[in-house]
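K.L.:
From TrEMBL, for reference:
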TRANSMEM  54-76  transmembrane segment
TRANSMEM  105-125  transmembrane segment
TRANSMEM  131-150  transmembrane segment
TRANSMEM  157-176  transmembrane segment
TRANSMEM  196-217  transmembrane segment
TRANSMEM  224-242  transmembrane segment
TRANSMEM  262-281  transmembrane segment
TRANSMEM  293-313  transmembrane segment
TRANSMEM  325-345  transmembrane segment
Amino acid sequence: MSPPDSLTMLFPGSLISLYCSSQRVLCQIVSDLQPEVPSNVTSSSWQERFRKNYSFYVGLGLAILSSFLVGSSVILKKKGLQRLVASGATRAVDGGYGYLKDSMWWAGFLTMAAGEVANFGAYAFAPATVVTPLGALSILISAIFSSYFLGESLNLLGKLGCVICVTGSTVMVIHAPEEEKISTIMEMAAKMKDTGYIVFAVFLLVSCLILIFIVAPRYGQRNILIYIIICSVIGAFSVSASKGLGITIKNFFQGLPVVRHPLPYILSLMLALSISTQVNFLNRALDIFNTSLVFPIYYVFFTTTVMTSSIILFKEWYRMSAVDIAGTLCGFVTIILGVFMLHAFKDLDISQSSLPHMHKNPPATPAPEPTVIRLGDKNVLVDNMELSSTPSPEEKPKVFTAHS
């Protein structure tokens, strides 16, 4: 279709002819030839600038807030379980649910719920490979609070282990892979239908069922890893569900028909089951073992599972350079070493006062050297003989008798 030669002389009511192939169309102008600007253009551009410039920092702040709340909630829940034991009720590890009547435990539960909500928002704004490693901050918070409020000992090596965990998490955030952009729930559904992720999810589910019904009743109260591995494996499903529901909420406010899609309802059910299972087995671990050990070990296994799930589901490592891959692996190994220091040296009595002092001990006063008398110096020899033979006033003279 060929436009008219000039549009400068046109006004409402004018007639113009448009030619399309061999046909001629006559049109009449009914309004000014100026495009109508949509009312939401300014809002959309502001939202786009905010998403590009500040969404990562919003997710980062929510992840830090979540770590603080989750680390504090562990202390409150532990206090509630201790009060339950003091009252003589059935312990959580023995299948008791008396903690549901304790206000301190509910305070910890609500604090953890607030932390999970903040974590849920963090996954909606930032990649999972950035949000998950920041959970190391909750280790530091819980370790410090447990030494002050629970009376649990944390030696110098344990504190260094916490610092090493935070350092490793920082390295992982710096070299974190860039997450593949998934903007709709339909794209999330296509990712979850991938064969690799289905095989991985089935493997995790079968392993978790074996641990819950076979391994945990036999070895759960003696081995700290059993309950923690169950919580960590279930955590992979909760993170995937949180990520998908975050995308669903975004699409809902964008006007997309997410209510008719079945995936949000499946993800909601998955999130509810995974969170309830995690709370149950985490309570059992806290009821038996030391808080400063449960939380760091749980963090390592949880982070490992979530990172593996993100690699398989979102294909995050496919566009990473060799430097970022090496940095991410080094950061994760650093976290493992920090947790190893927390666990391996927990019974040693090591504090800052037991370390060797930095200043040197003052040198000892040297003994006086003996006087050397040469045989040629007769006068000195005679004087020494006289001094040694002269009896002191306090001593009685000695009498020697010679017999022939």
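First residue shown is number 1, and so on along the chain.
Any Cβ shown, glycine's included, is placed from N, Cα and C.
Quantities reported herein were computed from a predicted structural model and do not represent experimental measurements.
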K.L.:
Do at least three C-beta pairs under 8 angstroms join the transmembrane segment (293-313) to the transmembrane segment (262-281), pairs 6 or more apart in sequence?
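P.N.:
Judged by the Cβ rule, the two regions do not touch, with the required three close pairs absent.
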K.L.:
Verify whether three or more Cβ pairs under 8 angstroms connect the transmembrane segment (325-345) with the transmembrane segment (262-281), leaving out any pair fewer than 6 apart in sequence.
P.N.:
no
K.L.:
Which stretch from 54-76, 157-176, 224-242 shares the most C-beta pairs under 8 Å with the transmembrane segment (325-345)?
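P.N.:
Counting Cβ pairs under 8 Å, the winner is 157-176.
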K.L.:
Given a Cβ distance threshold of under 8 angstroms, which distant residues of the chain, six or more beyond its ends, lie next to the transmembrane segment (224-242)?
P.N.:
119-120, 123, 128, 132, 192, 201, 204, 207-208, 211-212, 215-216, 267-268, 270-271, 274-275, 277-278, 281-282, 284-285, 288-289, 293-294, 297-298, 301-302, 304-306, 308-310, 313
